[in-house]
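Report on the following structure.
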Amino acid sequence: MGPLEAIGEENQTDEMKMELFTKLYLPRYTTPVSELALDPKPELKDSTTLVEVQIILIFAYCSIILLGVIGNSLVIHVIIKFKSMRTVTNFFIANLAVADLLVNTLCLPFTLVYTLLGEWKLGPVLCHLVPYAQALAVHVSTVTLTVIALDRHRCIVYHLESKISKRISFLIIGVAWAVSALLASPLAIFREYSLIEIIPDFKIVVCSEKWPGEGQLNYGTIYSVSMLLIQYVLPLAIISYAYTRIWTKLKNHVSPGAGNDHYHHRRQKTTKMLVCVVVVFAVSWLPFHAFQLVSDIDSQVLDLKEYKLIYTVFHVIAMCSTFANPLLYGWMNNNYRTAFLTAFQCEQRLDSIHPEVSAAFKARKKLEAKKSQFPGDSFTQPTNV
């Protein structure tokens, strides 16, 4: 639950709304609560309204968006462009990049605007769409990381060299999106775009969760706890178990020859890279999930003076996972590092930079050489990749 969503909760009394309002919307100067009605537009009190804090938030969100769009687009580009990169594991990594791109382009810009303005001014459609899209992308990322871990566990621990076919991998990706869409759907359905009158003559537009049920049965809390288990705790338990067994297997492995040593070393590096991806995902999302859970269980957390700032900082940390993955690919995986470099090189250097794609380029050079033997044939300059 976001800081402004709490004000729009259906089960809150006017007194509770006023109490929460005094935490978030009191004027910066000292004004008695009884006189708030005299000021038609009281200012936000929390630190997120300070200019210097807003500049930092703008820089943080824009940096995440820029790095995420560039990095994830590059991952998708090299997997599509180079045939040697079209492996099952890389298809799953590309799916991870697509999910992160969804967050970078559709969620973060609107979240930043919502945070800076202090109320939802983006209309009812985006009110339902943005939270749903973010939840969808996070679910897809978690499912994809789990599938990658299980696939590598199957191949390395049990020596099953018959890999998952590309057709099956696409089917798994489709199922991942379908299941994720179903799990995230309550955030689009049980949502309300409303105008809330906090005090007389002062209203704000709120995009808040609106769950059915009354009394002690809080469906919002039930959903939050369920998603924490399904989206975070259970996948991380499965992934940790899989990579622990993989690590143990590789550590105790004895290679009979130099060729197998090289193959074993490559597997180790790839596994290390994927473990780092999972660790970054787990660590970056842990503060946000924990804070969300505590907020849903204990409403007194909403009374914290800097609740909105804490929520925003944890959200920024969580969103860092959307650009961290491409950095890990480029840093820890030779294939990706080579492909990234190739994307910025000219074709005449392709064969020296990326041997896997050199055959087609060499064939083209031979054809151009034959043409250049005939008078009148002009030399064709190679184009950029």
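Residue numbers in this text run from 1 along the chain shown.
Quick reminder: no glycine exception, Cβ is built from N, Cα and C everywhere.
Disulfide connectivity taken from Swiss-Prot links C207 to one of C127, C155, C276, namely C127. Going by Swiss-Prot, the topological domain containing F82 carries the same name as the one containing T244, and both residues are therefore on the same side of the membrane.
When Cβ neighbours within 10 Å are tallied across all protein chains shown, the highest count among the disulfide-bonded residues C127, C207 belongs to C207. Stretch with the most C-beta contacts under 8 angstroms to the transmembrane segment (222-242), considering only 55-75, 91-111, 129-149, 170-190, 309-329: 129-149. Same-chain residues lying 6+ beyond the ends of the transmembrane segment (309-329) with a Cβ under 8 Å from its Cβ atoms: 2-3, 46-48, 53, 57, 60-61, 64, 67-68, 71-72, 74-75, 93, 96-97, 100, 103-104, 108, 111, 115, 141, 273, 276-277, 280-281, 284-285, 287-288, 291, 295, 336-337. For the topological domain 'Extracellular' (191-221), DSSP puts the residue distribution at 3 helix, 17 strand, 11 coil.
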